[in-house]
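Database features (TrEMBL):
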- Phe100, Ala101, Val102, Tyr105, Asp191, Val192, Asp193: UDP-N-acetyl-alpha-D-galactosamine binding site (BINDING)
- Asp191, Asp193: Mn(2+) binding site (BINDING)
- Glu281: active site, nucleophile (ACT_SITE)
Amino acid sequence: MKGLLKCVLGIPIMLCVLYLMSPSLRVLIGLLPMEKCSLESAKMLVLDNSVDTSLDLWSRPDVLTCTSWKAPIIWEGMFDPDLYDRMHKKEGSSVALTVFAVGRYLDVYLRTFLNSSEHHFMLGLPVTYYVFTDVPEKVPDIKFAPRRSIKVIKVERNSRWQDISMMRMKTISDVIESDLRHHCTHVFCFDVDQVFTGRFGSEALADSVALLHAHYYRFPQKWFTYDRNPKSKAYMQTGDFYYHAAIFGGSWKSVKALTDACYQSIMEDKQNNVEALWHDESHLNKYLWLHKPSKVLSPEYCWDTEIGNRRDIQVTRVLWAPKYYDALRTR
């Protein structure tokens, strides 16, 4: 139902229903041409690090591999994983992963999320998991690889799932300030209802990292479901892409700036009795439009199998887990 409502608000109702109900139409949407990168080589990118010059922007002529502000969009086949791993090990990069497992989400998703991340997330680098939950004693006992550890932080359980989603911005900012920045160079923030299925490695690290939403990356911009309410701080008339709030990251300084700004906007909306259309995701899209990410991840990094097979998705690195909104979400 959430998918239907979200779609209806963004595109004509009949087309939306057909998109959600018809596998053949989803296939046709997947055939819509994407723009092509205008850069001749990766040396023309605004670089986060020297290894980004090794990106092969033209190894994937079927997809868009760079943005208008010269940031790379990472797809399978564009990068040498060994080069990225060697550089980040040499530079001493370390990664924090934040995830919220509140209420029944802990029971249903957290063990699978953590186990799968141990097989695929930033292998070879130091990783600290920051698990935020209202029931710390129920966090599963996972055996972590060397230089990988977990910190469990108790949070209050909000009465509405929308507030849980939005208030995570303040919680992440607070833990960055009090602890995380002293231990990790980079942060990735994840929704818990996902499963790692392939490499999610150091090629994804950058100062500011955003993710293309799997359902929207081939849609015309006018179909993006930005917040169109002028009373909201998340209001957008136009934008670059539609980003998925299920995964975002970057250096700890950049993530703190993002979470601080989103939280401030959320609180201003609350004071004005306004709630953004897609809650923290709407505010995240507004922030990333005003503050362009330095690296964008393709939908390989968070794919929904209900879309079906697409030729441009050559690997899947994270998959949406089955959603049980009616049973899991606190109302």
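Backbone N, Cα and C define each Cβ position, glycine as well.
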Around the Cβ of Asp193 (UDP-N-acetyl-alpha-D-galactosamine binding site), the count of other Cβ atoms that are within 10 Å: 21
Cβ-Cβ neighbours of Val192 (UDP-N-acetyl-alpha-D-galactosamine binding site) (radius 10 Å): 21
Which of Ala101, Val102, all binding-site residues, has a Cβ with the fewest other Cβ atoms inside 10 Å: Val102
Glu281 (active site, nucleophile) versus binding-site residues Ala101, Val102, Tyr105, Asp191, Asp193 - nearest by Cα: Asp191
Cβ packing number for Phe100 (UDP-N-acetyl-alpha-D-galactosamine binding site), 10 Å threshold: 25
Cβ-centroid neighbours of UDP-N-acetyl-alpha-D-galactosamine site Phe100, Ala101, Val102, Tyr105, Asp191, Val192, Asp193, 8 Å, sequence order: Val99, Leu106, Tyr109, Leu110, Phe113
